[in-house]
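Notes to accompany the following structure.
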Amino acid sequence: MRIILLGAPGAGKGTQAQFIMEKYGIPQISTGDMLRAAVKAQSELGRQAKALMDAGKLVTDELVIALAKERIKQDHCRNGFLLDGFPRTLPQADAMKEVGIAVDYVLEFAVPDSLIIDRIVGRRVHAPSGRVYHVKFNPPKQEGKDDVTGELLTSRKDDQEDTVRKRLVEYHQQTAPLIDYYRKEADAGNTRYFTLDGTRNVSEVSAELAAILG
């Protein structure tokens, strides 16, 4: 079972990725994880990636694809894998296809930008414990304070509205074209494409995923 998750930041991909990993026993593969593992293992690809990063340069699509190909050959990916945040661009998707990385399911989590902004901007965290609240959807018992310690809650820098809006613009420019790409791939019989309504509660989305994936 080889799966790609698509959706804007805040669309709920991370939560559902966890559900898929636990239910189906397949590993999640992210670009960051692949790079860190390759650098740590000091493989040839890892050394190339480290040289680029040390020089302050972006790791090339070719190198990322090569890392992905190397990673999915490993034993723990024998039953499949879950790609989150990759491919991010059309050239990456094309390159994946060219090197023979097949995908069984592409799952898109659709959520309007206005709700994503609401979801992210309203997040509050208790930094020492990692507990997360939301001013509207999961408020603390006492406004602005952690339920357990009573300490003040804070907003992450990445959760500021202007930052979220910038990330959404970037998503629509770079990643949204993948939606058309994979819909066409599904029409051609190369994968199966499903759009899930990410505005629903977590358990409803998980139930639909279980019905799709079997």
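Positions of Cβ are set from backbone N, Cα and C atoms, glycine also.
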- Examine the ranges 30-59, 90-119 and name the one recorded by Swiss-Prot as region 'NMP'. 30-59
- Message: Given that Swiss-Prot assigns Gly10, Ala11, Gly12, Lys13, Gly14, Thr15, Val132, Tyr133, Arg200 to the ATP site, pick the one from Arg123, Arg183, Arg192 that the record assigns to that site as well.
- Response: Arg123
- Counting only residues at least 6 beyond its ends, the same-chain positions whose CB falls under 8 A of a CB in the region 'NMP' (30-59) are 66-68, 70-71, 83-86, 88
- Message: Using DSSP and collapsing to three states, where does Phe86 (AMP binding site) fall: helix, strand or coil?
- Response: coil
- Query: For Gly14 (ATP binding site), which residues in the same chain are close in space, meaning a Cβ under 8 Å from its Cβ, but six or more apart along the sequence?
  - Reply: Asp84
- Query: Cα of Arg156 (AMP binding site) to Cα of Arg123 (ATP binding site): how many Å, rounded?
  - Reply: 8
